[in-house]
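Chemist: One structure is given below, represented as structure tokens, and several questions about it will come after.
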Amino acid sequence: MTRKWVYLFDELDQASSYVGGKWDNVRGLLGGKGANLAEMTRIGLPVPPGFTVTTEACNAYLDAGMAFPEDMWQQELAALAEVEKKTGKKFGDPGNPLLVSCRSGAKFSMPGMMDTVLNIGLNEETVQSMIKSTGDARFVYDSYRRLIQMFGSVVMGVPDEPFEEVITEVRKKRRVKSDAELTAEDWMSIGERFRDIFRRYNRIDFPTDPLEQLRLATEAVFKSWNGKRAIDYRNAAKIAHDLGTAVNIQTMVFGNMGNDSATGVAMTRNATTGEKRIEGDYLINAQGEDVVAGIRATDPVEKMAQTMPASWEQFVEITRILEKHYRNMQDVEFTVERGKLWMLQTRDGKRTAQASVRIAVEMVDEGLISSEEAVMRVTPEQVDFFLHPQFNPHSKKAAGAEGRLLASGLNVSPGAAVGMVAFDADLAEAWAKKEGKKVVMVRPETKPDDVHGMLAAEGILTSRGGRTSHAALVARQFGKPAVVGVAALEIDMSQRLMIVKEQVIEEGDWISIDGSTGEVFLGRLDTMVPDISDPWLKRLLVMADSFRRLGVWANADYPDDAKRAREYGAGGIGLCRTEHMFFQSERLSFVQKMIMTNQPTERREALDALLPFQREDFIGLFRAMHGLPVIIRLIDPPLHEFLPNYESLMTGLADNKIRLLRAANLHEIDELLRKIEDDEHVLGRVQDLHEANPMLGLRGVRLGIMMPDLTQMQVRAIFEAACQCTKEGIDVHPEVMIPLTSHVNELKVQREALEEVARQVLEEQGVVIDYKFGTMIEIPRAALTADEIAGHAQFFSFGTNDLTQTTFGISRDDAEKGFLIDYIQSGILPDNPFETIDRNGVAQLMAIGVERGRKTRPGLEVGICGEHGGDPKSIAICHELGLNYVSCSPFRVPIARLAAAQAALRERMTDG
Ligand code: ADP
Ligand code: MG
Ligand code: MG
């Protein structure tokens, strides 16, 4: 028996049992559009009858070198006969003709990727009978010319322009502005000229045999799977290339049969903000593509409440049913034909990060989904996008006052973008990728072949199009700020400039767009990172907190960072890098003095001068983290990093020597000589400290051992700060972290020396404090000997940057500009190991570290403070390894909270 290639919309059960009952597989077989049309049919919603040719048929067709698989066409004809029975019409019948649309639909929605042909079945004869049955010649001739045009461009590849030119010409001749004013005769003559165009381009006549039309359209959909636009989109959206597309053949319904007919698209909730209110556009007396193309100005869909109240009421009820059924916000297409509502499509709606969060939370409140589902539905990337830059309100106000607010449009994808205007996708991509420029891509409207430019741009601006335009959908999907439909922009592509409010803006000029408000500004506005005050995000994260097992701490060096971290929900500081404090200008000179001198007393003096600074830093940190642990890492980098670099010293020296030759007076000579002497002294020390491999050199605990008074000063500062805070009533939990241990003895001697200082301070101050001494595990040897090390460490923190570097033997600083990128692109490495923890290598060392460490010291606190702590995939690994917490940058804390919860929930799902 041959395979079943075709399923009627009411044969969902058969399709489902063929693929084993899983909805995901049904979508794979019938495509998203087909599966949902069948599902809507099944639950009794009004869907025009039709059938789906499967993705398997598409793949078979493509594999066979463009030949229909055996029996497919016969099955298509049989299904067509069923549809004829249901509708009481006959395909190609001059008496009562059935017209159909041919619609592509892959497993994942690919907006605008593969085109639809409407009105299939029209020819000279059926046109006449349609005119008789509808009494509307204008409508029929308009439909007919649309078929020729769509068939020409979609199936046969005739460009749109010659068709559009004809319409424009007729409009001019008839002295009318809009298509709506053209008459039946106009459309009839336009149709004839369209057929001439068709003949000219294809050297064949427009096929008047409806079955021939259907066959060619089916084939065209199959072929479009491998069109360039489709391939580009799949690459960008990471969709597999072997899924194939289904073809949906569906009875036509007409929104253009007079004022009791309409067509529209809608989201069941607001796709930008998530507010629970139907949002959409519709047009009275029009066909579907009129709304999407943005050719005619649409009305907001809720206006239907006045213009066609009965249909509106039914529509609202259907959206409610759909949301309840799919338990998600839906994106729907509908048509009203002479007062009768038909549903033409539904799918889960694309939405902004903001909307995604709000909808998930509100659906929990409405009882549609569980809080576990809500947490699983929002991606960590969306939370990241949520916290993307916004314009600084002051900068915005100032720009407004200076008259730099150019125009406003639709705020379809939030976020602030600043960039240079680029008027086409190729240029946008070239500027962004090759020249590292920031660009805002500006177009009248975007098309699928613009996607590469949109991805490269900071933001997208269009003068036409609505909330459901291509630009809006793509921008939302990829999290790019976008403003569309800015009618005030006059874009002149030939001169490559745009005019707004009499201002001329050329390609390369800077503009700023606010995708959250729809405003467009001239010049560069300042951006800032938003606070986390969104009430729905807060609630979602609180839900996440109830599921996660991992703690989420933050890497913070300054009190301000610590405050932000806490505000974002951090449960502690997992890493405070003390050396950052050294780089501040008033301190650096003491640091340099300390490094330069060989005299113990001079070094003491320099360190004594630094101590109060460090103490103040820690006091700020402890105050911000009242009640929570704060891990402070002692100095880590090699000392030469605090001195001027060798090259600049050499050139400075050379300059001064030349100036010495030309010195005008003794005073100047004196001055220069002194400078030269100083520089030579520094240069000497820089040369002393020079190492061939500084990453593997005198740093971390080695430095503490070789220069004990430096780390002793730091520990004194920590404990003096802790004592002072305790006296103020602040609850402090300092944890002193010794970096780069590779042998237990290093840790042992360093800890003994340091803990001695701690005890001294506590004794001096008469204060009792809960503190810990621990170490970073960032050298493979430390992980392997974790049992020994745990004997002297009260906590571990994986420094996965260094651990990755030392495990791979790859220098992080060099590799990422060199071969590592090649490795990733060519698939030698699956991921960048500096971004995502290397599961098979580095993670194994971590597992050993955890296991052996806890064998010696059960309950040992283990965390991670490398860059990976904020990466969702790595967070999942940390969860599996049973770490106590991950520590990441304050901005990534919310992302990590969600990722940690998702790791826990995923584990539950696989266990249960
Ligand atoms: P896309 O994936 O680009 O949205 P669709 O297949 O959904 O393509 O169709 C394009 C337009 O044609 C939509 O507005 C849709 O509602 C309309 N359309 C498709 N099939 C029919 C039909 N049988 N009757 C009326 N309108 C239709
Ligand atoms: Mg559609
Ligand atoms: Mg390190």
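Along the chain as shown, the residues are counted starting at 1.
Every residue, even glycine, has its Cβ placed from backbone N, Cα and C.
Automatic, uncurated: that is what TrEMBL annotation is.
The domain 'Pyruvate phosphate dikinase AMP/ATP-binding' annotation in TrEMBL covers 29-64, 78-305, 313-366. Per TrEMBL, domain 'PEP-utilising enzyme mobile' is recorded for 437-518. The active site, tele-phosphohistidine intermediate annotation in TrEMBL covers H470. Per TrEMBL, substrate binding site is recorded for R577, R633, E778, G799, T800, N801, D802. For E778, D802, the entry in TrEMBL reads Mg(2+) binding site. The active site, proton donor annotation in TrEMBL covers C865.
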Chemist: Can you tell which of the binding-site residues (E778, D802) has the fewest other C-beta atoms within 10 angstroms of its C-beta?
Modeler: D802
Chemist: Counting CB pairs under 8 Å, which listed stretch among 29-64, 313-366, 437-518 touches the domain 'Pyruvate phosphate dikinase AMP/ATP-binding' (78-305) the most?
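Modeler: Looking at each of 29-64, 313-366, 437-518 in turn, the most contacts to the domain 'Pyruvate phosphate dikinase AMP/ATP-binding' (78-305) are made by 313-366.
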Chemist: Near ligand 3, which of the binding-site residues show up if the criterion is a Cβ under 6 Å from one of its atoms? Options: R633, E778, G799, D802.
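Modeler: Checking each Cβ against ligand 3, the ones under 6 Å are E778, G799, D802.
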Chemist: Roughly how many angstrom lie between the C-alpha atoms of N801 (substrate binding site) and C865 (active site, proton donor)?
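Modeler: The separation of the Cα atoms works out to 9 Å.
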Chemist: DSSP says what for the domain 'Pyruvate phosphate dikinase AMP/ATP-binding' (313-366): how many helix, strand, coil residues?
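Modeler: Taking each residue of the domain 'Pyruvate phosphate dikinase AMP/ATP-binding' (313-366) in turn, the totals are 27 helix, 17 strand, 10 coil.
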Chemist: Which one of these recorded positions has the most other Cβ atoms within 10 Å of its own Cβ: H470, R577?
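Modeler: That would be H470, with the most Cβ atoms nearby.
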Chemist: Excluding R577, R633, E778, G799, T800, N801, D802, which residues of the same chain place their Cβ within 8 Å of the centroid of the Cβ atoms of the recorded substrate site?
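Modeler: My list of surrounding residues reads L575, D636, P739, M776, S797, F798, L803, C865, G866.
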Chemist: Please work out the mean pLDDT for the residues of the domain 'Pyruvate phosphate dikinase AMP/ATP-binding' (29-64).
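Modeler: Mean model confidence (pLDDT) across the domain 'Pyruvate phosphate dikinase AMP/ATP-binding' (29-64) is 97.
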Chemist: T800, N801: which of these binding-site residues has the highest Cβ count within 10 Å of its own Cβ?
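Modeler: The largest 10 Å Cβ neighbour count belongs to T800.
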Chemist: For R633 (substrate binding site), what is the tally of other C-beta atoms lying within 10 angstroms of its C-beta?
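Modeler: By my count, 27.
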Chemist: Kindly report the helix/strand/coil residue split of the domain 'PEP-utilising enzyme mobile' (437-518) according to DSSP, in that order.
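Modeler: So the counts come to 18 helix, 28 strand, 36 coil.
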Chemist: Determine, to the nearest whole angstrom, how far the Cα atom of T800 (substrate binding site) is from the Cα atom of C865 (active site, proton donor).
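Modeler: Here the two Cα atoms are 7 Å apart.
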Chemist: Round to the nearest Å and give the CA-to-CA distance linking C865 (active site, proton donor) with R633 (substrate binding site).
Modeler: 11
Chemist: Counting by DSSP, what is the helix, strand and coil composition of the domain 'Pyruvate phosphate dikinase AMP/ATP-binding' (29-64)?
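Modeler: Split into helix, strand and coil, the domain 'Pyruvate phosphate dikinase AMP/ATP-binding' (29-64) gives 23 helix, 4 strand, 9 coil.
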Chemist: C-alpha of E778 (substrate binding site) to C-alpha of H470 (active site, tele-phosphohistidine intermediate): distance in Å?
Modeler: 48
